[in-house]
Every structure is written in C-alpha cells, then in structure tokens.
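Straight from Swiss-Prot, the features:
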{"type": "BINDING", "residues": "Gly75, Phe80, Ile128, Glu129, Arg144", "note": "S-adenosyl-L-methionine binding site"}
Amino acid sequence: MSADTRFESLKAIVPAVSRETANRLIAFEDLFRKWSKAINLASPSTLNELWTRHILDSAQLFPLASDAKHWLDIGSGGGFPGIVTACFLAEQPGGAIDLIESAGKKAAFLRTAAGHLHVPARVHSTRIEAMWEKIETPQVVTARALASLNDLFGLTELWLTNGAKALFQKGRDYQREIDESRVGWSFDLVQHQSAIDQASVILEITNLRRKVA
C-alpha cells in the first residue's frame, strides 16, 4: 500500500487529518514492524493488516473527542491506540497523552516511538493502580483489548468518577459486558459502530458511579 493510499484511507476515518499526521503514522507503522521482529507487540497474524487492523482502528477514536487535550491510555501494549492518538495530539497546542504499560519491553518501545515521532506521550512503566494518585484526571481515558468492561471500570474509577470520559473499544461480546457491568455500576453510554470491524464498537462512557449495595 502506497503512502498516498494510506493517507486516503486515513482521511476516510478522520477527514480533517493532515498529511503531517499521516506521515507520522506511516513512520510509526515502519517502526512497529522493525520492533516486532524482536518482541511480541501484536498478534503475528494481524501484521499483514497492520495499517487497517491496528492503526486505522485506533485512529477512529480521536474524532470522538478531538477537542480534548489531556488523554490517558491504559494497558498501552504496542501503542494502540495510545501512540496513534499521540500522533494526532502532536498538532494540538498543549495536547498530551499518558501511556501506562507494565511490561518493560513494550514500555521501552513506546518511549522509543514517542521520541522517534516527536509526539507528546509520557510513558509510565508500572501498573495502572500505581498511577491512580499520580495522574491528574484526564479528559479522555482509552483502552483497547485490555480487560472486561467491569474490570476496566475498577481500574479507571478514580478518573471516570471525577469527570473523565471513557472511549473503550470492544469486540462482539460487548453487549454481554455492558449488561454485566450494569449490575454494579451506573453510567451514561453512547455506542459508536466501529468503522473498521462491523462486529466491534466504541463505548463512550460518562458519569460513572459505583452502585451502593
């Protein structure tokens, strides 16, 4: 796939995207492939569709909160959606994202990617719980392929109950996860259909509260 084809496919997801952001994402794809030869950053079966399955899939989050300047991505793994979001934030004055990743090798990759791409990403190589009191409430919290919705609420409760919006990417079992989480939590939900996978959704969650037994 040529750079122009990649740019056009990105514009279909984020119409206002600049060529500079597209070039950053293309550079990230190249860096990701190089590091993937040494460490497991993503399922090998998806590397042939890296641009679509991971980069475009992550890019679709940004238009849902494009005015937000402080983002937080938990369980950042290989940088989806955290580094992808950082590429968009690089053109937003004052924009920044915190990435939390406990695996040392993946955190090292994230730091390398942030430096190589010159994007405003701060990488924290620790457990999510260790950052509860250290990261001020962001405007947006993201997570992709990390945990059940119920567990995500437990991990992000401090931020989501203090005004942060969640954008959680979920697969085909999302409705079961929503139903199970409503047993112990109340929240406002807007469900966005994924532009990449018709069986997947983005759950936009606000006003999270733990139910009192």
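Glycine residues also receive a Cβ, built from the backbone N, Cα and C atoms like all the rest.
Once the Cα atoms of Gly75, Phe80, Ile128, Glu129, Arg144, the listed binders of S-adenosyl-L-methionine, are compared pairwise, the greatest separation found is 20 Å. All chains included, 26 other C-beta atoms sit within 10 angstroms of the C-beta of Phe80 (S-adenosyl-L-methionine binding site). Every protein chain considered, the tally of other Cβ atoms within 10 Å of the Cβ of Gly75 (S-adenosyl-L-methionine binding site) stands at 21.
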